[in-house]
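Student: Just passing along the structure, written as structure tokens.
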């Protein structure tokens with residue numbers, strides 16, 4: 001069978017700073033290599049989906065108030081702020097013979113699986129040490145569940161960061177749009193699978209995995225995460241970092257450099273970051289409290305549970321109902337992720353070849369909207385849906401609103417990252433490169449100048465060789481200044497454009513990694529690119545010196561990530577305050593109640609978590625709608641500015 005060969009004879013790249021051994025490659029038939037590389041993200045998204053749909057109602061069912069549940073969900077933004085940069089630094093300097101990424105991917109996966117199973121079976125685990133009838137059982141159950149939640153968020157962020165880094169490490173820059181399109185597809189499929197599993201009645205389908213919906217879901221999510229990560233680890237081979245002698249920056253220097261660059265961000269990039277800040281103020285509560293919102297509406301029409309067992313059954317059914325809305329949300333997002341890019345106008349492209357493509361391609365005739373306009377409309381749609389919660393009081397109505405919001409989520413997943421990548425490339429053409437900490441980025445325009453290197457037919461299991469890719473880019477750039485070689489460059493460039501039009505139609509699906517890939521290119525002025533190795537290939541010395549293309553774009557990426565993470569902290573604080581003001585206690589009918597108590601219980605049950613019929617979650621959603629409306633206004637202005645500039 002083609003594809004599952006052994007690791008090829010190693011090659012090394014060496015200079016005064018870094019020495020590598022081996023080469024990055026993906027095993028398997030060519031048509032399977034992209035899915036094999038990105039399938040790990042499918043498992044990650046399944047687990048995220050399980051947490052989004054079940055964690056909030058599960059913690060509330062254990063007895064944790066909505067206000068404290070909001071505080072518990074600080075785990076998400078905190079892990080994103082701390083773990084992803086930390087795991088990146090640690091993995092970048094790893095000299096493991098198994099590669100820089102895969103050991104940490106598998107270690108984090110193991111921690112995540114243990115944490116997920118602990119979350120699902122918290123009651124049973126605590127009951128091993130403390131009797132269920134004990135007054136302290138409930139307290140320790142809640143504490144252990146929160147610890148498990150933090151373990152999940154911190155470890156899954158590490159897995160996700162490493163999975164994304166593998167894409168950058170393994171795929172050459174010219175194929176990054178295709179790789180990120182596959183990453184977006186896997187994320188979309190993972191959402192659909194995760195919410196579909198949560199939507200099903202698992203207690204009847206998989207009774208041997210547990211007795212409750214949460215227990216069975218934790219087992220299935222853990223299994224899918226493990227199987228997808230093992231698949232990627234087994235089929236992707238990495239370069240080995242042999243030695244590195246580059247000077248490392250201190251924490252204070254890193255923070256100062258980030259701060260200096262925040263103050264000097266280019267105008268367009270700064271506007272993108274501000275829009276993202278407002279957008280994520282709105283998105284965070286929707287992602288984590290939609291199930292609670294719909295579940296409250298569902299339970300408001302049910303009778304008061306007679307005991308805790310009946311209350312648990314109602315909670316499970318309410319959570320399934322909320323997860324069903326998320327399933328439809330994910331279907332809309334996945335569909336939009338596949339088709340919306342074909343409606344977006346492509347930037348750039350001049351010359352006879354570009355004109356011919358524009359006139360002859362039916363797909364190009366469908367491109368009628370600017371990407372930033374689409375992003376702005378997604379904010380407007382989101383805001384309208386949030387304000388519609390004033391008029392919605394049924395499960396079907398709320399589910400419909402959440403389903404429609406899936407369109408906005410699809411655009412949010414890729415539009416800002418594509419705009420950021422385009423702006424970095426466009427604004428870098430006239431910038432010079434320096435190492436003093438200020439933003440001065442110089443990138444190759446990969447949109448219209450790269451040629452694609454096809455793998456040798458003698459080695460069908462190798463998709464690309466990184467050394468060949470770098471050498472090709474260097475030779476192409478050098479040939480532009482050599483008389484007599486212009487025709488060859490034009491021929492290769494034209495060939496690449498044709499290949500990209502055929503295979504890269506979903507390039508706009510590229511997310512954060514698409515923009516990283518542009519900066520992952522080596523310098524185009526390094527000498528000595530023609531020293532052959534034992535297989536007739538070429539070894540390229542890595543660029544030495546401070547700063548670098550990747551360093552400068554990495555700063556922008558880090559700043560952009562801050563504008564996504566920080567609003568999640570703010571949103572959590574606002575959500576916690578709103579829940580503290582409007583939340584009511586969970587009610588269960590008892591045998592000894594008087595008439596006044598019965599009336600109070602019925603009144604409370606009518607809103608289930610509400611005061612005077614006002615849903616605390618709906619209030620948070622409406623506040624998010626205000627932030628989304630502000631994001632729409634700023635994004636619309638940004639679209640007008642971009643169209644004038646182009």
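Each Cβ is built from the backbone N, Cα and C atoms, and glycine gets one as well.
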Student: Which one of these stretches, 8-26, 103-121, shows up in TrEMBL as transmembrane segment?
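Tutor: It is 103-121 that TrEMBL describes as transmembrane segment.
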Student: Suppose you had to name the range TrEMBL annotates as transmembrane segment; which of 203-225, 226-248, 249-271, 272-294 would you pick?
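Tutor: Feature transmembrane segment in TrEMBL: residues 272-294.
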Student: Under TrEMBL, the annotation transmembrane segment belongs to which of these stretches: 562-582, 583-603?
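Tutor: Of 562-582, 583-603, TrEMBL gives transmembrane segment for 562-582.
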Student: Could you tell me what the rest of the chain brings near the transmembrane segment (272-294), counting residues at least six beyond its ends with Cβ under 8 Å?
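Tutor: Here the qualifying positions are 52-57, 60, 66, 73, 76-77, 265, 318-319, 321-323, 325-326, 329, 375, 379, 382-383, 386, 395, 398-399, 402, 405, 409, 412, 416, 419-420, 423, 559-560, 563-564, 566-568, 570-572, 575, 609, 615, 617-618, 620-621, 624-625, 627-628, 630-631, 634-635, 638.
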Student: Please check if the transmembrane segment (365-392) comes into contact with the transmembrane segment (619-639), where contact means 3 or more CB pairs closer than 8 Å and the residues in each pair are separated by 6 or more positions.
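Tutor: Yes, the stretches contact each other.
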Student: Which residues of the same chain, at least 6 past either end of the transmembrane segment (70-91), have a Cβ under 8 Å from a Cβ in it?
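Tutor: Residues 55-56, 59, 64, 100-101, 104, 108, 146, 149-150, 152-154, 156-158, 160-162, 165, 284, 288, 558, 561-562, 564-566, 568-569, 572, 575-576, 579 contact the transmembrane segment (70-91) from elsewhere in the chain.
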Student: Is the transmembrane segment (103-121) close to the transmembrane segment (562-582), in the sense of at least 3 CB pairs under 8 angstroms with a sequence gap of 6 or more?
Tutor: no
Student: Residues of the same chain, at least six outside the transmembrane segment (103-121), with any C-beta under 8 angstroms of its C-beta?
Tutor: 40, 47, 50, 55, 58, 87, 90-91, 94, 96, 144-145, 147-149, 151-152, 154-156, 158-159, 162-163, 166, 210, 214-219, 221-222, 225-226, 229-230, 232-233
